[in-house]
């Protein structure tokens, strides 16, 4: 049993918590957020995207009690004050989006935790790990990142294709669901003017660091991929469009067969495969981080192909945070 603390009970913090309820080998023992316990219970119990929490949620004497288990609740701004050791926390899920460097995340270590997993790309050279891509290279680093949800979708797919046929170069577009950083109506956004436009009214071109991050977790593709994002007015589930030029010739049918073999083999539980007539909402709640859509892709010729893969940018990512915790705890 790995004891886990969560710092930041927003979208990812709460979905990680929900996912952890399905894991008998993970126990959430502490949550830190500036929300009070009553509101924390409310936001866990009711979710507009994922529905009602499947279980009991109460607040008793300031603690969050979920399915009869008491969870310590704190509201500390400085992670150094969290005293994780008092409740036996081994790993902290850093999901505030604020402590994304070695220096700032180390405050959790100072507070008694053994390790930290960031739920987003780091702001420094903190090592990133993606399950199915480079998780086996973990060497005991106390502070790591689970990269981004888009990187977790793109990297497994790109790795399979590159190892089978070789990728000369590629462009990626993620058609990405709305996230909490966006505006409900037009509002100030000085660093990204288009990002300040109303999320429900627009398709918004944006940047993404996912292709560059793939080069870090899978160096064979370093410098070979770049990409962009379109933010679209849907609440959840995103899709990657990966267009690549191949070294070795391959028919689209051959590529699909290679991806299917990986999904049923070494990438099982990470990469999925579907030939159904699916749309985005069909992937809401799917724990896989990348589901290849056979019928959505196309090829121009045996060297130039477009591949499409879906991901629940909340659920799939959160499950891989937990998978990474278990993998790094088993060392």
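Residue 1 is the first one shown; counting continues down the chain.
Each residue, glycine too, has its Cβ placed from N, Cα and C.
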Residue from 126, 179, 184, 251 that Swiss-Prot also lists as binding D-glyceraldehyde 3-phosphate with 148, 149, 150, 208, 209, 231:
179
Quick one: which of these binding-site residues, 11, 33, 77, have their CA within 10 A of residue 179 (D-glyceraldehyde 3-phosphate binding site)?
11
Protein Cβ atoms within 10 Å of residue 148 (D-glyceraldehyde 3-phosphate binding site), excluding its own:
22
Drop a 10 Å sphere on every Cβ of the binding-site residues 150, 208, 313 and tell me which sphere holds the fewest other Cβ atoms.
208
Excluding 148, 149, 150, 179, 208, 209, 231, which residues of the same chain place their Cβ within 8 Å of the centroid of the Cβ atoms of the recorded D-glyceraldehyde 3-phosphate site?
174, 176, 210, 229, 238, 313
